[in-house]
Structure formats: C-alpha cells, structure tokens
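Here's what Swiss-Prot has on this protein:
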{"type": "DOMAIN", "residues": "103-262", "note": "domain 'CP-type G'"}
{"type": "BINDING", "residues": "ASN152, LYS153, ALA154, ASP155, GLY204, SER205, SER206, GLY207, VAL208, GLY209, LYS210, SER211, SER212", "note": "GTP binding site"}
{"type": "BINDING", "residues": "CYS285, CYS290, HIS292, CYS298", "note": "Zn(2+) binding site"}
Amino acid sequence: MSNENNNLSLYGWSDNLFRQKQISQYKDMSHGRIIVTHKTCYEVVAEDGVYLCELTGNMIYGRVPDEYPCTGDWVIFQPFDANKGIIVDILPRERALYRKKNGRVADRQAIASYVDKAFIVQSLDDNFNVRRAERFIAQVMEEKIKPVLVLNKADLGCDRQKIDEAIKHIARQFPVFITSIRQPQTILRLRESITKGETVVFVGSSGVGKSSLVNALCGKSVLNTSDISLSTGKGRHTSTRREMVLMDGSGVLIDTPGVREFGLAIDNPDSLTEMFEISDYAESCRFSDCKHIDEPGCAVLEAVHNGTLDHKVYESYLKLRREAWHFSASEHEKRKKEKSFTKLVEEVKKRKANF
C-alpha cells in the first residue's frame with residue numbers, strides 16, 4: 001500500500017458527502033473511496049494513502065450481501081498497523097449499478113457506486129449483439145446512470161451500414177462512440193466526453209477490450225491486458241476484479257470483469273418504456289395504465305403493426321419486461337424476509353447491550 005497525499009475531490013468527494021459523514025457516529029474517523037474490491041478485503045484511497053481494509057463483524061453479519069461495500073463506495077474506516085484498516089461504516093449509496101445474480105433467487109450484486117456514466121462496451125466482431133446492449137442500457141437507466149454505447153475494435157472491419165441500422169433506436173437517445181486503440185483519434189473523442197470528477201464504469205462481455213480502453217484513455221498501462229488469441233482472433237478474459245483508476249486531469253474509470261450473463265435487477269418494469277421509445281407512442285394509448293401487450297386501443301401495438309416501431313425492439317422490450325417483473329415480484333418477497341432478519345439483528349444487539 002502506498003503512502004502519498006491524495007486529492008479526494010478528484011475521486012468525487014463533495015460537500016454533500018461531507019455532510020453525510022457528519023451524521024455518522026464515526027464522523028471523526030478517516031474516510032476514503034474503495035478503488036479495488038478483493039474477495040475478503042478492499043483497497044481504500046484516503047487523503048494520506050491507500051489502505052487495505054477489512055469489515056467489522058457487525059458489518060459482515062448485520063447486512064445482506066448486496067449491502068456489502070463495492071468499488072466506488074465511500075467508507076469510514078479506522079486505520080491501524082501501517083496502511084491497514086477496518087471499515088466501520090458506508091456512506092449512503094447513490095447511483096449504484098447492480099445486476100441480478102445467477103440463479104432463480106432475486107439476489108442483487110453491487111458492481112459499482114457513485115457512477116455518473118456507464119460505458120457499455122461491445123466489440124465489432126462476433127461479440128456485437130444489440131439485444132445485449134439493450135439489456136445493459138435498461139439496467140443502467142434504472143439506476144439513473146447515463147448510458148454510453150462504445151463499439152470497440154473498429155479496426156477489425158465490419159459492415160457499418162448494418163451496425164448503424166441495428167443501433168439506430170439507441171443512437172437516437174444515447175451517445176455512441178466507435179473506437180479502436182489503434183486509432184488514436186477515436187480514443188481522444190472518447191476521452192473528451194469524460195469530465196473532471198466524473199466516475200465512469202466499463203461493462204460488457206469478456207474480451208471486448210475494456211481494460212485496453214482504460215489504458216488507452218489513461219495514456220499508459222494501468223491495467224493488465226491479454227494478447228489476442230491467434231485461433232479465435234478474440235481477446236481473452238483479463239479483468240478478475242472491479243478496479244478504479246484515476247485519469248490525469250479528468251475523471252475516474254472503473255474496470256469490471258466481463259460477464260456471460262447480465263440479469264436485470266429492476267424494481268419497476270414500467271421504466272423500460274422510456275428506453276425503448278415506447279413512451280413516445282404510449283401517450284396515445286386509450287388507457288393510461290396500458291402495458292402495451294394486448295390491450296385494445298394500444299398505440300404501441302399499432303406502431304408495431306404499421307412498422308413505425310421495429311418489431312424486434314418491441315419483442316426485446318417484452319422479454320426484458322417479463323424478466324424485470326419476475327425480479328420485482330421476487331424482490332418484494334425477499335425484502336419482507338430481510339426486514340424480519342434486520343429486526344432479529346437489532347433485538348440481539350439490544351440484548352447484548354443489556355448484559
């Protein structure tokens with residue numbers, strides 16, 4: 001761990017975070033931001049260096065897994081023994097990106113917090129999948145994070161007309177960048193879109209070049225990358241942890257491991273209408289609570305039938321809506337159980353205090 005002076009405002013520290021810290025019972029202790037999440041510990045950048053921190057027992061056993069710290073969280077910790085510490089509190093999360101864990105249970109996994117933008121990275125080869133891009137965008141918008149589609153490895157050659165046609169409904173709503181680390185001007189345009197103090201998380205499948213993009217944006221090698229496989233022409237999975245790096249004179253970048261599946265953790269399925277431009281037509285539906293599935297007088301269905309709304313986009317909306325509905329229903333039931341668990345924990349604490 002390093003000993004250095006860090007300007008935490010470059011990492012996003014603000015007056016609002018300071019006020020939140022004053023509410024904590026641990027307000028007189030050190031604070032910092034988690035820059036790397038390991039399996040059982042965390043690297044926390046503070047004003048006087050980087051600390052390797054663990055959690056207190058109360059935090060481990062008094063919280064559900066999706067409330068454990070994640071990369072990007074601002075935490076309060078007690079330093080000890082030369083750049084080591086114990087995390088005692090987490091400041092309230094904002095703009096946290098989650099995904100549904102694999103499996104049938106509605107468990108969420110926190111990927112990163114205090115995120116301003118999400119760079120949704122796909123490579124212009126066999127990895128390109130507009131339906132997968134829509135899935136990432138849906139989750140990002142749920143958390144009030146700005147989605148940006150980054151189509152990487154443009155040097156591989158692709159049918160640009162076909163790509164443009166596939167993403168036109170995305171490009172009408174969100175920024176789209178075509179990039180290649182072998183084409184510096186494309187990296188420059190992407191870098192110019194990141195402002196000072198802004199936090200950007202990179203998400204996407206394995207081998208799309210997320211770590212290489214982070215290195216290119218920083219102008220130096222800050223993350224490990226792998227060579228291209230000669231047999232497949234694809235990058236190998238490199239990132240194994242969620243890691244934050246600071247750009248010189250600009251924002252904060254968070255690299256994440258590639259994912260094979262990205263399950264939706266959306267509480268309100270109705271929010272999907274905004275992403276798919278369905279809300280543009282929904283205003284003309286006969287019923288204000290129309291779900292745009294089989295209701296009479298549905299302007300959305302009419303737009304699909306007359307070709308104004310792409311039927312593939314509409315089918316994607318239905319699929320994601322069903323998935324979001326199942327998650328929200330399961331999440332509601334799970335939260336009732338968690339409330340009972342929280343009451344039990346508080347009761348145990350009270351009993352201990354009385355002994």
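Using the three backbone atoms N, Cα and C, a Cβ is placed for every residue, glycine included.
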Where CYS285 (Zn(2+) binding site) sits in the secondary structure, as DSSP reduces it to three classes: coil
Fewest other C-beta atoms within 10 angstroms, as judged across ASN152, SER206, which are the binding-site residues: SER206
For CYS285 (Zn(2+) binding site), nearby residues of its own chain (Cβ under 8 Å, 6 or more apart in sequence): HIS292, GLU295, GLY297, CYS298, ALA299, VAL300
Cβ neighbour count within 10 Å of ALA154 (GTP binding site): 19
Whole-number mean of pLDDT values that fall within the domain 'CP-type G' (103-262): 87
Residue, out of the binding-site residues SER212, CYS290, HIS292, CYS298, whose Cβ gathers the largest set of other Cβ atoms within 10 Å: HIS292
Pairwise Cα distance maximum in Å, GTP-binding residues per record: ASN152, LYS153, ALA154, ASP155, GLY204, SER205, SER206, GLY207, VAL208, GLY209, LYS210, SER211, SER212: 19
Cα-Cα distance linking CYS290 (Zn(2+) binding site) and ASN152 (GTP binding site), given in Å to the nearest integer: 38
Assigned element (helix, strand, coil) containing CYS298 (Zn(2+) binding site), judged by DSSP: coil
Integer Å distance between the CA atoms belonging to CYS290 (Zn(2+) binding site) and ALA154 (GTP binding site): 41
Integer Å distance between the CA atoms belonging to CYS290 (Zn(2+) binding site) and GLY204 (GTP binding site): 33
